[in-house]
């Protein structure tokens, strides 16, 4: 069995975790107490959803997940909420003291007190697995726990489980909507530390999600619940192939193989369609061609950047629901005729396609309409460098004046770590730039030879 362990770190990670597990339970018909009326074989264990849930002797399904936060209030809501019986109490780990939006506290001071406990719980989950394939880590870039503790955890996971893949789902600080002044510091420090430990990181930009909620769902003032449910749908689409019997991306490592041409350029852009409210969906039926086209609209992306200014290195389309290959091929053929989509010249313009016949599920009473078919596009494009450039610029503005740096140094960091992290980010931007440059040299002599 190819199990996958989810780790939810910090407030953002935990709240997205709530949205995701709520959705997974609905998709698999698992009740909030972990019982699954439709599953007649107790302890069968060979169903696809067993990659995400383990089954107890009593027929209860328990998520293979760990929730960690350095302060208790957010996880206390899980402990008292609707799904309190779903999780084993040991899976919900809290500290006493907040990381206070400070990377150094999450990574050094407070983080180190709790890391061994967390790894111990992860080890217990890993021991229940017959063939663990890897971890997905959910966190924000901006928070202290999300940035600092995650990077510490990723380092330790690399030591303990060297060859297992590690996927990240990271909440990128929104360009306009900010929850902390020091977000750029935290983001750049955590990216620098986790860059070599993460195999693939899906970034989600809060502002992009806000705009989608406002524009497509007509929610004037989206709350975090609205945002998280939308993010939950996206995560569910990405992981659907691991949880249902699909034909493609049945494996975490397959994502990397298809999306990551160079180890450092591992930040695919996710786009999801259709995001549509119930009132609108009642009147229109969206075809495969329409939802496929929607994926190439910057408005539906999870990160604000413009792929029309960049080049694609890889592209993966994950369909779910009532979709047949014939329609998909037609839709892709149409898109290839549009010149707006440019691939790097060293990469064949192949679109990898996965079809999952399980239609998307929605949370009852939520904002999203129940649709017959949906698609999630994962593309690795050089345009994502725009997002890093924005962040680096904000970092530079503050760091030039050494603003707020004393809070980090006071927790035992050295100022050198800042400049080292910033240099690494500059290198990352450069990497993306170089990938997009055409490989011109050496073309002259090849023309004469026909193979």
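Each residue, glycine too, has its Cβ placed from N, Cα and C.
Listed features, source Swiss-Prot:
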ACT_SITE  254  active site
BINDING   10-12, 15, 71, 99, 140, 143-146, 179, 183, 206, 224, 228, 252  GTP binding site
BINDING   71  Mg(2+) binding site
MOD_RES   40  N6-acetyllysine
MOD_RES   282  3'-nitrotyrosine
MOD_RES   439  phosphoserine
MOD_RES   443  5-glutamyl polyglutamate
MOD_RES   445  5-glutamyl polyglutamate
MOD_RES   451  3'-nitrotyrosine
SITE      451  site 'Involved in polymerization'
Which of the recorded positions listed here (71, 254, 282) have a Cα atom within 10 Å of the Cα of residue 145 (GTP binding site)?
71
So among the binding-site residues 71, 183, who's got the most Cβ atoms within 10 Å?
183
Within 10 Å of the Cβ of residue 15 (GTP binding site), how many other Cβ atoms are there?
22
Specify the count of other C-beta atoms within 10 Å of the C-beta of residue 254 (active site).
18
Which entry in the list of binding-site residues, 140, 145, 228, has its Cβ near the fewest other Cβ atoms, using 10 Å as the limit?
228
Under 8 Å Cβ-Cβ from residue 282 (3'-nitrotyrosine), six or more apart in the same chain: what's there?
369
Show me the subset of 10, 15, 183, 228 whose Cα is within 10 Å of residue 71 (Mg(2+) binding site); these are the binding-site residues I mean.
10
